[in-house]
């Protein structure tokens, strides 16, 4: 009889991270996917990272995940977004060679210890006494297991829409999954529909780049992974063009033919990644919209025109493409399309990503209502970790809003749910100055080491980095000049006759690392990433101190548990509406209860008093 500790269904960005994490924890793991060669497939844009998303990638890497390492082996255009603004909103991003990314991912996973990969399609999940028992393939084979992580992406009852055409598919040229949709409905999960889309692909050899604007990447690419010393993949340029009045006229004249506006699509699309039809309708006074022409590979002439996702008929797509500067003679290789799919209300899962209804069943990725590779991967690694820890009868691994963007995302989803595709933004985090891309490993890697999900290689690299940080900090506190000497070289400080260390100088708004190196050449020998980290920590020290105080308050509420069997209707001082809301959401801690919409401070205090009265020893087990 075939039996595994953890089975992952789906080999997208959530699935590969879940599978690898489970395997790293020493659990016998099986990844079931329709096409093994499509592991980590970039279904839409050929890029990883961005504002907030880049921080998610760094956090995944901090837990020894795959995404950051793989993009460093396949990244062809690196750019730090928002670098002219504060470090809390910097967004590392890299264009990928789409085929190379898949190739590297396949090579890694097919050689992963404790991980088997099976080509197949799961039709059903066998449940016994509200507990996972096995998965059933479409050929009738039953594979027994203790835990299942469902990472179905856009495949649950998926339909592609191109104009009036409606094609059953989970991705173009790939069949959807109806069996698992039926399974979830049978088990009583709350199912709804969401929509996303992708633009047409263009033959780069037919583009007139002289009519576009060159967009260069960073001169020195900054790796995502702490395992990467430097990027050795050749780097290439992207280009920018824009829509025209003629483009907009064509779209307006044919809105009734768009699947989005004809009523054919019922699912809600992503607010922050709208189709070109949505842009023209919702921003009707805007005369043009930027389009980023992004190469899909070093040896691939396919161009991804980021900014014109559409579900218009093919012939209309071809027509509007011709109105865009540089694309007048462009050949369309594949039309754009919208895709509609099932998802589950994420309030049906716990913060471990295990479902509330079925023990041993975990959800990760678009099934939880998110959009984006990075959001999916962040959920995948947590689901994989917790499924494996549960197999080993160990405590679950919880990331909170105070420790990570992954924690913010999971808390948002499980507390508030979502009725539209959820995308991560820096604005979603109240602690974003503390949760930066540059300190992800310092926040999370030790936590990963403690539970055993971090390999020895990364552990050694992390330990060495921590030692180097301390040595560099000592050096920066040692290197100093008097205020009079600083004034002579143009550094304006209060003339109090005291020595100013480099860390003191970092607090001056106009002072930076480059100036420090110029004044103290010995700093050239130091790791620049560590210098930048200490520069940020020093410059924003007063803000960070206040934020850490807020975090301590937050964490005190996060550890104040609410018992699973609490009866809110026995707390007379809160309204029936709030009692019903709390009974539905079943918050696990006081902190989670406070974040539920409509829960008043008075209600929170009533719960705290009730818990103290009910549980005289102060516990809430």
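Cβ coordinates are placed from backbone N, Cα and C, and glycine is handled just like the others.
Taken straight from Swiss-Prot:
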type: BINDING; residues: 10, 11, 12, 13, 14, 15, 122, 177, 366; note: FAD binding site
type: BINDING; residues: 269-283; note: NAD(+) binding site
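Spatially close to residue 281 (NAD(+) binding site) yet at least six residues away along the chain are 255, 261, judged by Cβ distances under 8 angstroms. Between the alpha carbons (Cα) of residue 269 (NAD(+) binding site) and residue 14 (FAD binding site) lies a span of roughly 20 Å. For the pair formed by residue 273 (NAD(+) binding site) and residue 122 (FAD binding site), distance between Cα atoms is given as 31 Å, rounded to the nearest Å. In this record, FAD is bound by 10, 11, 12, 13, 14, 15, 122, 177, 366; the longest C-alpha to C-alpha distance in that set is 18 Å.
A distance of 32 Å separates the Cα atom of residue 271 (NAD(+) binding site) from that of residue 122 (FAD binding site). Proximity of residue 12 (FAD binding site) to non-local residues of its own chain (separation of 6 or more, Cβ distance below 8 Å) is seen for 40, 41, 43, 151, 153, 365, 376, given in sequence order.
Under DSSP, residue 122 (FAD binding site) is assigned to a strand (E or B) in the three-state scheme.
Around the Cβ of residue 14 (FAD binding site), a 10 Å sphere holds 34 further Cβ atoms from the protein chains shown. Note: the CA-CA distance between residue 366 (FAD binding site) and residue 275 (NAD(+) binding site) rounds to 18 Å.
The binding-site residues considered are 10, 269; of these, 269 has the fewest other C-beta atoms within 10 angstroms of its C-beta.
For residue 283 (NAD(+) binding site), the nearest of the binding-site residues by C-alpha distance turns out to be 14; the candidates were 10, 14, 122.
Put plainly, the binding-site residues 271, 279 were compared by Cβ crowding within 10 Å, and the winner is 279.
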